[in-house]
Amino acid sequence: MNPNFHLIDFIILGIYAVALIGIGWWVSRTKKGQTKTAEDYFLASKALPWWAIGSSLIAANISAEQFIGMAGSGFAGGLAVASYEFMAALTLIIVGKFFLPIFIKQGIYTIPEFVERRFSTNLKTILAVFWIALFIFVNLTSVLFLGGKAIDTVIGTGDGSMVIPAIIALALFAAAYSLYGGLSAVAWTDVLQVALLVIGGIITTVIALNYVTPEGGIINGISHVADVAGDKFDMVLSRDNKEYNNLPGIYVLIGGLWVANLYYWGFNQYIIQRTLAARSLKEAQRGIAFAAFLKMLIPFIVAVPGIIAWVMYSENMYNAQSAFEIAGSTSLNNDNAYPWLISSFIPMGLKGLVLAALAAAIVSSLASMLNSTSTIFTMDIYKPYFNPQASQQRLVNVGRLSAGIALVIAILMAPLLGGIDQMFQYIQEYTGLVSPGILAVFLMGLFW
């Protein structure tokens, strides 16, 4: 156990966990004598306001792969990784203006269902199976592994002994409210999660800046980081940069990144599902705009801490030993950068709050992916192929069961990702293999 993590930190973390589960159960309760329908469970009764939609979109998006993976990429390559965030904000506006009106008019539950209406049932089934596999074997497993890795660094000794117990704990935490409450529980708790992760990210950034120089002070820290790591703030990488293959210069900004963003924000079930649960098209579009605003803030609370960690470990630091002595560490893996900052520099009490923010990012994404996986399986696989006359309660029960099975598979697979250095790039690589083809299918379905 890490001696820097104190009882008060555990108490704060426990309060957060109890509050989140309590809110999730409370908002998803049904009135006496009423039965939860598929629309209630999978689409939150189509009653979400814009601010809940926007918060839930960001909470679903910002997970361990962002806090841990993007900070790791910031450590390795700098702010260029923020290209994903800045372009995502613009992509969200495009999705809200041109894609959402069509989806909401169709009254669909899932993205594969739209494919069926425009093309064929066979194509819908292929995409449904593909997305279920992608969510389980890439998204859920990577989020669980990175979350376990972070907790092992912050609470444990960083030797890997707590990774598997942490993976199981995170999975059970997410299941405790999301399997029972469905999208209502997920979306409404996401409002709290987003507030926590923004506050926690700001705290980490500010305190890390204060420790960069021996003299201390945020202004001194900003000045020193700019002097030592000025090239880390380049948004377009040169060919001689060792991270060029991950973010190949200007070509990312005018080419491939558009494909990835349009696919992710426009045709991703666990993103679009929130907008399908809106009270109206206007509420959905306002929620998208709010999410775009929040997206612009993310690099400054996620990628920048990774750059600060790099400065602390660089040979050009004014007093390199000051950081090493505080941290009690002499080596740093890319994806350990953010947990290392929390473990080494955040003071007692605030450490529990910041870890709660990190847990919020992890758990909210797990809950979102579980709900979307169960929605696709229930509405696109189970109902049409196994039980077309299934009752509403039966569909809800199948949704809960399928989410539980997906979570068990992800728990078993997550430890196998231990040899990957930059998890954020791992996820981008695998989704990038399939996103161009899927994007082409959907664009044809929308506009031709």
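Note that Cβ sites are derived from N, Cα and C of the backbone, with glycine treated the same way.
Copied from TrEMBL, the annotated features are:
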| type | residues | note |
| --- | --- | --- |
| TRANSMEM | 6-27 | transmembrane segment |
| TRANSMEM | 47-64 | transmembrane segment |
| TRANSMEM | 84-104 | transmembrane segment |
| TRANSMEM | 125-148 | transmembrane segment |
| TRANSMEM | 160-180 | transmembrane segment |
| TRANSMEM | 192-212 | transmembrane segment |
| TRANSMEM | 249-267 | transmembrane segment |
| TRANSMEM | 288-313 | transmembrane segment |
| TRANSMEM | 353-377 | transmembrane segment |
| TRANSMEM | 398-418 | transmembrane segment |
| TRANSMEM | 430-447 | transmembrane segment |
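Within the chain carrying the transmembrane segment (353-377), a Cβ under 8 angstroms from the stretch's Cβ atoms is held by residues 9, 12-13, 16-17, 20, 42, 56, 59-67, 109-110, 112, 128, 131-132, 135-136, 139-140, 143-144, 146-147, 150-151, 154-155, 170-171, 173-175, 177-179, 182-183, 185-186, 189-190, 192-194, 196-201, 203-204, 269-270, 273, 338-339, 342, 346, 398-400, 402-403, 406-407, all 6 or more beyond its ends. Between the transmembrane segment (160-180) and the stretches 6-27, 249-267, 288-313, it is 6-27 that has the most C-beta pairs under 8 angstroms. Packing against the transmembrane segment (6-27) from elsewhere in the chain are residues 173, 176-178, 180-181, 184-186, 188-189, 192-193, 196, 348-349, 351-353, 355-356, 359-360, 363: each is 6 or more residues past its ends and has a CB under 8 Å from a CB in it. Listed by sequence, the residues of this chain that lie at least six past the ends of the transmembrane segment (249-267) yet keep a Cβ under 8 A from its Cβ atoms are 83-84, 87-88, 91-92, 94-95, 99, 111, 236-239, 428, 431-432, 435-436, 438-439, 442. For the transmembrane segment (125-148), same-chain residues at least 6 beyond its ends with a Cβ under 8 Å from one of its own Cβ atoms are 63-65, 68-69, 110-112, 115, 162-167, 170-171, 269-270, 335, 358-359, 362, 365-366, 369-370, 372-373, 376-377, 380-381, 385, 406-407, 409-411, 413-418, 423, 426-427, 430-431, 434, 438, 441. Against the transmembrane segment (47-64), stretch 288-313 shows more Cβ pairs under 8 Å than any other of 192-212, 288-313, 398-418.
Sequence-distant contacts of the transmembrane segment (84-104) (same chain, at least 6 residues past either end, Cβ-Cβ under 8 Å): 57, 61, 70, 114, 253, 257-258, 260-262, 264-266, 272, 275-276, 278, 281, 284-285, 288-289, 291-293, 295-296, 298-299, 303, 428, 446.
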